[in-house]
Structure formats: structure tokens, C-alpha cells
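Everything on this sheet refers to the single structure shown next.
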Amino acid sequence: MKKCLFAGTFDPPTLGHKDIVLKCLEIFDEVIVAILINPNKRPLFSEEKRLSMLKKVFAAYPRVRVLSYDGLTVDLLKREGVRFYVRGIRNGTDYDYEAQLNYINVDMYKEMITVFLPTRQEFLHISSGLVKDALRFHKNVDAYVPEEIRGDLLKYTQEAEKNV
């Protein structure tokens, strides 16, 4: 069985993230979507909320497994018995950054293979950071996030407006 890992902070999940996972399902038997708990970042959504949102997004896809982790991604790959690490690429800057990480990761896990998947053109401008910024200013983000979590994000926006 060919498995891959697609990791990120997913704060929040976007249409670009979903697109990459759906591409992975065309190539791999199982896709592990892993939320990195990064102590250097202050997420807008809790680990539990991000897990909940990703599980909603991929509920109809039994070959997708969602989990969270801290530490190094190469350690998670080894623990899960996964060689293929998928990275979504929007532009040359993404590629340059991910290629540098790849060289370091391969030093730590020789069997690892990084798979770079380009983002579809209609999602090139979407990032979790931009979606977070829009949410902080109580803007509608439906055009950038999966339908399955639009209600969660609308609720967040409505609650934030009450607290202004």
C-alpha cells in the first residue's frame, strides 16, 4: 500500500489544501493529512478545531486520515512507515523553500521521497495566512475555503463581531 503524508498548520484549511489532497488520492492508496503543532506560531484556531475542520473536509474520503503532531516531520514519516512526503507548490518561492527543506529532511531520512504537486491556477492566490487576515477583519472567506467548513468560519466571524 502506497501512503503519503501531507503536513501543514492548516490554520484554516483552504481550497488549495483540499485540491492537493484530492490529487494525492489519484496517486496514493492512503493520504495522511498531518497538522503540525508549531510552538513558534500562534494559530488562530486551536489544534482541536483544526482537526475537527479537516475531518469534516475529508469525511467523504475514507482513504484520508487526519492527525496532529509536534516535532520533526521526518520523525512522523518514520513512525507512520511513510516514504512519500507531499508538498503543494504555488510558485517559485514555495519551490525554493521546500527544496531546501527536502535536502535537510533526506539527510535525516534517506528513504524519504518528496513529491512536489503544483497548485491549480485558480488557487495560486490562496493561503491560510490571507484567509486568517480576512477572518480577523470579519470578511467572508467562502471563495477560499472548502464548503464543509464554511459554517465553522462564519460562526467564528460572527462571534468575533460580537466581541468588537
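Please read every residue number as a count from 1 along the shown chain.
In case you wondered, yes, glycine gets a Cβ from its N, Cα and C as well.
Database features (TrEMBL):
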type	residues	note
DOMAIN	5-132	domain 'Cytidyltransferase-like'
BINDING	Thr9, Phe10, His17, Gly88, Ile89, Arg90, Glu98, Phe123, Leu124, His125, Ile126, Ser127, Ser128, Gly129	ATP binding site
BINDING	Thr9, Lys41, Thr73, Arg87	substrate binding site
SITE	His17	site 'Transition state stabilizer'
Study note, to complete from the structure: CB neighbours within 10 A of Thr9 (ATP binding site), counting all protein chains shown, number 18
**Study point:** Residue among the binding-site residues His17, Lys41, Arg87 whose Cβ has the most other Cβ atoms within 10 Å
**Key:** His17
Check your understanding: Just how many other Cβ atoms lie inside 10 Å of the Cβ on Thr73 (substrate binding site)?
Key -> 18
Revision key, fill the gap. Candidates Lys41, Thr73, Arg87 (binding-site residues); nearest Cα to His17 (ATP binding site) turns out to be Arg87
**Study point:** CB within-chain contacts under 8 A for Glu98 (ATP binding site), separation at least 6
**Key:** Arg87, Ile89, Thr114, Phe116
Review point. What does DSSP say about Ile126 (ATP binding site): helix, strand or coil?
Key: coil
Revision key, fill the gap. Residue counts for the domain 'Cytidyltransferase-like' (5-132) under DSSP, helix then strand then coil, are 57 helix, 29 strand, 42 coil
Revision key, fill the gap. By the 10 Å Cβ-neighbour count, the most surrounded of the binding-site residues Ile89, Leu124 is Ile89
Check your understanding: Averaged over the domain 'Cytidyltransferase-like' (5-132), what pLDDT does the prediction give?
Key -> 96
Review point. Does Ile126 (ATP binding site) have same-chain partners at least 6 apart in sequence with Cβ under 8 Å from its own Cβ, and which are they?
Key: Thr14, Leu15, Gly16, Tyr144
Review point. Taking the Cβ of Ser128 (ATP binding site) as centre, how many other Cβ atoms lie within 10 Å?
Key: 21
Point to revise | Which binding-site residues sit within 10 Å of Lys41 (substrate binding site) - Cα, from Thr9, Leu124, Ser128 | key: Thr9
Revision key, fill the gap. Of the binding-site residues Thr9, Leu124, Ser128, the one whose Cα sits nearest to the Cα of Thr73 (substrate binding site) is Thr9
